[in-house]
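A.B. asks: I have a structure I would like to understand better, so I am pasting it below and will then ask my questions one at a time.
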Amino acid sequence: MSLQSSIRADSNCTLPNNPVCVLLPVDFIVAAMASSTSSAMAKWAAQAARGFAAAAPSSGKGRKVAVLGAAGGIGQPLSMLMKMNSQVSSLSLYDIAGTPGVAADVSHINTKAQVKGFDKDGLAEALRGCDLVIIPAGVPRKPGMTRDDLFKINAGIVRDLVTAVGQHCPGAVLNIISNPVNSTVPIAAEQLKKMGVYDKRKVMGVTTLDVVRAKTFYAEKNGLDVASVDVPVVGGHAGVTILPLFSQATPKATMSAEVLDALTKRTQDGGTEVVQAKAGKGSATLSMAYAAALFADSCLRGLNGAPVVECTYVESTVTDAPYFASKVKLSTEGVDKIHDLGPLSDYEKAGLKAMMPELLASIEKGVQFVKGA
């Protein structure tokens, strides 16, 4: 199949610049890049592929993926993006309401993943045999709410869904999106420990949106091609616990202390920026779905044997915090290696110290939610 024939016949879809055309399976884009005789096409394909961490293998075991909370603001676009991932052979979409419509809609996309929708009585079947489970379920942020305000509702949702994962697919890799991630990941870990099926390599909090934002803001400020930019983001996934390491960003750019501080704070407050811009009508659903799809793609490539390094929030000994986001190597069993933080600037050292009280308190809150139940 040619690249041209794979794109919907649409007079508004022209190569190489129309963004509609970018929505192709990553491994297909890489293949097109390799075979194209057009240098412009090759450049376009390479830029599209670099939205993901690294070039995906063109083949690999088809994986069963479940999205829990598939009818929500994040779940719907995430379900579409996972349907487009060529590493997915079976896609289970679960929610307490609205799933049949989402599943029917997504199933019409002409990619190989077979889609099934499940309602509140179908969770066990949705999870059975899954390799990867993504959890965006829960209530979204509203104006004036912090991630911690979501705890009372989302903590119970995550605990109950993770219990089902422990019962029906205990070996699956877990990607937890539901906020507050600083607490919901410890909740997931403690619940799986309680059930005797915890594997620290397979429970990950999705902090990729912080990385995506840091890359975007850094590239914009310094006039760089965002596709060539890398910025590690460590710590947690809320406010001051989000610490972009701009001293380790590539390509290198010289920034004043004022600019550095502004970029850091914008990365930390990115979620609030979107909530306020939507004026009470939503949160960062689209960018979160995009970031979650990037991270899920990396997890799938890791499961299929490709060496992948991503930032994610996991059980860790890198700092005094028992859970911490940093660069990790993903492999066939989940997290294979947790990287050290590397050299930090004085500004970053101060940020690391400042985040600890809040991060530790959020972790303990999650732990006690399960232990005290």
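Cβ atoms here come from the backbone N, Cα and C positions, even for glycine.
Okay, so Swiss-Prot annotates it like this:
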BINDING   GLY69, ALA70, ALA71, GLY72, GLY73, ILE74, GLY75, ASP95, ASN154, ILE177, SER178, ASN179, MET288  NAD(+) binding site
BINDING   ARG141, ARG147, ASN179, ARG213  substrate binding site
ACT_SITE  HIS237  active site, proton acceptor
A.B. asks: Can you tell me the CA-to-CA distance separating HIS237 (active site, proton acceptor) and ASN179 (substrate binding site), as a whole number of Å?
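C.D. replies: With distance taken Cα to Cα, ASN179 (substrate binding site) is 9 Å from HIS237 (active site, proton acceptor).
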A.B. asks: Under a three-state reduction of DSSP output, how is ALA71 (NAD(+) binding site) classified: helix, strand, or coil?
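C.D. replies: In three-state terms, ALA71 (NAD(+) binding site) counts as coil.
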A.B. asks: What's the CA to CA span in angstrom from SER178 (NAD(+) binding site) over to ARG213 (substrate binding site)?
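C.D. replies: Approximately 18 Å lies between the Cα of SER178 (NAD(+) binding site) and that of ARG213 (substrate binding site).
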A.B. asks: List only the single closest residue to ARG213 (substrate binding site), chosen from the binding-site residues GLY69, GLY73, GLY75, ASN154, MET288 by CA-CA distance.
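C.D. replies: Looking at Cα distances from ARG213 (substrate binding site), the smallest one goes to MET288.
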A.B. asks: Among ARG213, HIS237, the recorded positions in question, whose Cβ has the most other Cβ atoms within 10 Å in this structure?
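C.D. replies: Result of the Cβ crowding comparison: HIS237.
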A.B. asks: Among the binding-site residues ASN154, ASN179, which residue has the fewest other Cβ atoms within 10 Å of its own Cβ?
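C.D. replies: If we count Cβ atoms within 10 Å for the binding-site residues ASN154, ASN179, the smallest count is at ASN154.
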A.B. asks: Sorted by position, what residues of the same chain at least six away from GLY75 (NAD(+) binding site) have a C-beta under 8 A from it?
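C.D. replies: Within the chain, GLY75 (NAD(+) binding site) has Cβ neighbours under 8 Å at VAL67, GLY69, LEU93, ASP95, VAL102, PRO136, ALA137, ALA289.
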A.B. asks: For a quick check of understanding: among the binding-site residues GLY69, GLY73, which residue's Cβ has the most other Cβ atoms within 10 Å?
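C.D. replies: The residue with the most neighbouring Cβ atoms within 10 Å is GLY69.
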A.B. asks: May I ask you to report the DSSP-based helix, strand or coil state of ASN179 (substrate binding site)?
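C.D. replies: DSSP assigns ASN179 (substrate binding site) to coil.
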